[in-house]
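The following features are taken from Swiss-Prot:
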| type | residues | note |
| --- | --- | --- |
| BINDING | GLY113, THR114, LYS115, GLY116, LYS117, THR118, THR119 | ATP binding site |
| MOD_RES | LYS228 | N6-carboxylysine |
Amino acid sequence: MALEITPALSLLDEHHLLKEVVNEQKLTFENVTYDSRKVSDNTLFFCKGNFKPSYLTSALEKGATAYVSEQKYAEGMDATGIIVTNVQKAMALLGAAFYGFPQNELFIIAYTGTKGKTTSAYFAEHILAKATDKKVALFSTIDRVLGNEPDQRFKSDLTTPESLDLFHDMRAAVNNGMTHLVMEVSSQAYKKNRVYGLTFDVGVFLNISPDHIGRNEHPTFDDYLHCKEQLLVNSKRCVINGETAYLRDVYYTAKATTEPEDIYVFARKGAQISDNIPVDIEYQNDFEDLHKSVIEVKGLSDKAQTLHVDGKYELSVPGDYNEGNATSAIIATLLAGAKGEDARKTLDRVHIPGRMEIIKTKNNGTIYVDYAHNYASLKALFAFLKQQTHAGRVIAVLGSPGDKGISRRPGFGKAVSEEVDHVILTTDDPGFEDPMKIAQEIDSYINHDNVKVEFELDREIAIEKAIKMSTNNDIVVLAGKGEDPYQKIKGVDVPYPSDVNVAKKIVEEL
């Protein structure tokens, strides 16, 4: 790939980002990066984030010929300096241009929501894999799948990658023969302009509840909601969960840039929908247990009926809250050209790493491993499992990450108080915080009249305690980490076997 400086400057000027060019030269860039360790000859280097001038010095020594920044640097006096008003926006635009605008060669379904993004994205990816003969890429919190070969699947570092990485991966997916892409879009992706300039073919808004609010994330809930809603502003067609909080705000944000005939609202049958906003598609539970569920979906509006969505669908991922996730995936993929039969033949065999993973025992109940990590997702998970216990207990093992998401901790205590019988508070990516202080903070929000509370900071021992204390009718929930193979401690990813592997090993030894 290559990018000439003249069209690059024109693109920045078109978006009113270009302030000035220092030492302009006729250049062709053969590499783009924001990481000085990845610089090669003829690189366009981006000065972003926690930038130090020494990074620019290093980049120029390694072959960078120009830099993009919001200010001039003396260290770059011999190179071309492209000075912009917003380096994150500039990086997104020039990244797309460098990689040949790969988004134009993909049908893109994008998901946002406080909870359910990953599960919904996996549902949609499985349906499209059937519909397109496996020509679908997936960018999720768990995996980046760029093709069908083992070496084209990678673990994700961010829910939505930095823009240069995003467009690099899109180009790789196209080169690998992919025609469709399902991706998660976080609120931070809009906050930090990682998806600036992107228009999605279908944007799905699942839900919104207070989360990711704190010193390192969103300053207020209004800012969080605004960033979430930008997905709808930048989508050709919108799919909205009619049961979301702030539905009026969400719906009319979508309507500001999208014609009503291209907005599809779905909801559970009988749900109370605010402001008389019309529901296009409804779903209802036909069967559920601890291992699967069956939903019936029906199109109500004329536009919904043209999708031929009506029918029953069996889901291999249990949980009443996953029924709405599956419905959203069915609608989005039908808009992408799939058929209802594609969904019926795939939704009953979807496996999502770290989401409602079930481990059975002979005499110690059933173990569930789930990534649930905020009040909304924990409440939904615990409530569903409590309903299924048949007089047994719900025993939970959980903690809260350090350095971010501090506003989640009261919600953790609230969810535990409402649905859990016994909780062991433990370590979950404490970062630079004291894990005991985090656990004690969660504990301060727990109603001790309802819940027995223990502290065990060694997560493996906490899991062992929970499993060994459980009996046949009990359910053990290992929440928050899913299949994460590490603990983030003081800036280091410390290896950890994962909740799934720890639980399986303990069960084998019982």
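The backbone N, Cα and C atoms fix where each Cβ goes, and this holds for glycine too.
Known features from Swiss-Prot, placed on the structure.
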residue: GLY113; record: ATP binding site; Cβ within 10 Å: 25
residue: THR114; record: ATP binding site; Cβ within 10 Å: 21
residue: LYS115; record: ATP binding site; Cβ within 10 Å: 25
residue: GLY116; record: ATP binding site; Cβ within 10 Å: 26
residue: LYS117; record: ATP binding site; Cβ within 10 Å: 24
residue: THR118; record: ATP binding site; Cβ within 10 Å: 25
residue: THR119; record: ATP binding site; Cβ within 10 Å: 28
residue: LYS228; record: N6-carboxylysine; Cβ within 10 Å: 26
Check: same-chain CB within 8 A of ATP site center, minus GLY113, THR114, LYS115, GLY116, LYS117, THR118, THR119: TYR111, SER120, LEU206, ASN207, ASN325, SER377
Alpha-carbon spacing, LYS115 (ATP binding site) to LYS228 (N6-carboxylysine), which is rounded to whole Å: 12
DSSP-derived class (H/G/I helix, E/B strand, else coil) of THR114 (ATP binding site): coil
Alpha-carbon distance [the residue listed as 'N6-carboxylysine'; GLY113 (ATP binding site)] in Å: 7
Three-class DSSP secondary structure - THR119 (ATP binding site): helix
Spatially closest candidate among THR114, LYS117, THR118, THR119, the listed binding-site residues, to LYS228 (N6-carboxylysine) (Cα to Cα): THR114
